[in-house]
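Visitor: So TrEMBL says this about it:
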type: REGION; residues: 1-20; note: region 'Disordered'
type: TRANSMEM; residues: 36-57; note: transmembrane segment
type: DOMAIN; residues: 38-173; note: domain 'EamA'
type: TRANSMEM; residues: 69-89; note: transmembrane segment
type: TRANSMEM; residues: 101-121; note: transmembrane segment
type: TRANSMEM; residues: 133-150; note: transmembrane segment
type: TRANSMEM; residues: 157-173; note: transmembrane segment
type: TRANSMEM; residues: 196-216; note: transmembrane segment
type: DOMAIN; residues: 199-337; note: domain 'EamA'
type: TRANSMEM; residues: 228-245; note: transmembrane segment
type: TRANSMEM; residues: 257-275; note: transmembrane segment
type: TRANSMEM; residues: 287-309; note: transmembrane segment
type: TRANSMEM; residues: 321-340; note: transmembrane segment
Amino acid sequence: MASLPARSAGASMPAHGVPTAGTERSMTLHRTTGQWRLGLLLTLITAACWATLPIALKIVLEVLDPITLTWFRFLAAAVLTGAWLALRGQLGGYRALSRRAWVLLALAALMLLGNYVFYLLGVQYTSPANAQLLIQLAPLLMTLGGIVVFGERFRAMQWLGLALLLAGLGLFFRDQLVHAWAREAAATTAAHSGDYVLGSAFVVIGAVVWAVYALVQKQLLVRLGSMQILLFIYAAASVLLLPFARPSALLAMDGFHWAMLAYCALNTVGAYGAFAEALAHWEASRVSAIVATTPLLCIAAVAAVHALWPQALAPERIAPLGWLGAALVVAGSAAVSLLGRRRDGD
């Protein structure tokens, strides 16, 4: 995926039981190291990775089909994650899994695979900023799923954040659809409005399947570490996609597109790693507040890339109504994430 938002599944932690005393609570809850400067740096790296990933994907899609691109990302992630776990002696743990756990692991793999493919199709048919903004539905859907599946509570102010996020998505979607209709009427290119609606639908589907993946992974964390879960998913997905991929297409790529492809592959592992480490050194609420700005950072990154290399990427066309929608999405996403954690000591 995408690009993900404040409550990333790659860094999810298992739920703790309800403590019976304050001292017991302090022993159970995770405490940060207090190295806030390092936490801030890692958070900025995470946000930068997620903001620039759809741009690199859009460029690589000029010469590579979505399935082959996704297959390569999963393969590279499997190799890098496997090497990391091997060096730390953490490759074990799979033999003790029950049949139910294996079913959940397979379901998680299918859901994350679907997220990668649908998100990439969304980037192909729309734009990096549009995909990055719509994918903010993913952590929101995960939060709502947590209410249904795990009985988690949703505070009143979080419902306000949900309303802001949905209103912002509606405003941004309307603004982009108006631009698509205008381009279609001017006959500057073909089927823009249809492409935009189709691409947006792909991203929304990607958000839904990511939420399912995140909820399944949360249950799996009782048995396996997050990196062990991701290793299985990366390896399984690369095997499943191989019959549909065209590895020979990689040989026809030039150096620039290879560099973009390598960045996409490293981004897959590096962003989640930086995010997990950031949570170890800085409060989750502060990390979330910065990561929630990822859609705006993506818009800024698109503008910067277009200014430096106009031929590499088309500019984002956003009217004031669209900017208002983007700001509401960021504010709503931050509210849902931050206000739900305030009672947990952040």
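The chain as shown is numbered from 1 upward.
Note: Cβ is positioned from N, Cα and C throughout, glycine not excepted.
Map these features onto the structure and tell me what's around them.
Guide: Counting only same-chain residues 6+ beyond the ends of the transmembrane segment (69-89), those with a CB under 8 A from a CB of the stretch are 57, 60-61, 113, 116-117, 120, 227-228, 230-231, 234-235, 237-238, 241-242, 244-245, 247, 250, 261, 264-266, 268-269.
Same-chain neighbours of the transmembrane segment (228-245): 10, 67-68, 70-72, 74-75, 77-78, 81-82, 85, 90-91, 93-94, 105-106, 108-109, 112-113, 116, 217, 220-221, 272, counting only residues six or more beyond its ends whose CB sits under 8 Å from a CB of the stretch.
Proximity of distant same-chain residues to the transmembrane segment (257-275), defined by a Cβ-Cβ separation under 8 Å and at least 6 residues beyond the stretch ends, is recorded for 4, 8, 10-11, 42-43, 45-46, 49-50, 52-53, 56-57, 59-60, 62-64, 69, 72-74, 76-77, 80-81, 84, 230, 250, 287, 291.
Long-range neighbours of the transmembrane segment (287-309) within the same chain, counting only residues 6 or more positions beyond its ends whose Cβ lies under 8 Å from a Cβ of the stretch, are 3, 5-7, 39-40, 43-44, 46-48, 50-52, 54-55, 127-129, 132-133, 136, 275, 278-279, 315-316, 318, 326-327, 329-330, 333-334, 337-338, 341.
Long-range neighbours of the transmembrane segment (321-340) within the same chain, counting only residues 6 or more positions beyond its ends whose Cβ lies under 8 Å from a Cβ of the stretch, are 5-7, 133, 136, 139-140, 143, 154-155, 157-158, 160-176, 285, 288-289, 292-293, 295-296, 299, 346.
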Visitor: Can you give the mean pLDDT for the domain 'EamA' (199-337), rounded to a whole number?
Guide: 86
Visitor: Ranking 101-121, 157-173, 196-216 by the number of C-beta pairs under 8 Å to the transmembrane segment (133-150), which range is first?
Guide: 196-216
Visitor: Given a Cβ distance threshold of under 8 angstroms, which distant residues of the chain, six or more beyond its ends, lie next to the transmembrane segment (101-121)?
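Guide: Distant contacts of the transmembrane segment (101-121): 1-3, 57, 61, 66-67, 69-70, 73-74, 131, 135, 138, 199, 202-203, 205-207, 209-210, 212-213, 216-217, 219-220, 223-224, 229, 232-233, 236-237, 240-241.
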Visitor: Of the residues in the domain 'EamA' (38-173), how many are helix, strand and coil by DSSP?
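Guide: DSSP classes over the domain 'EamA' (38-173) add up to 110 helix, 0 strand, 26 coil.
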Visitor: Counting each residue once, how many in the domain 'EamA' (199-337) are helix, strand and coil under DSSP?
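Guide: Counting residues per DSSP class in the domain 'EamA' (199-337), I get 115 helix, 0 strand, 24 coil.
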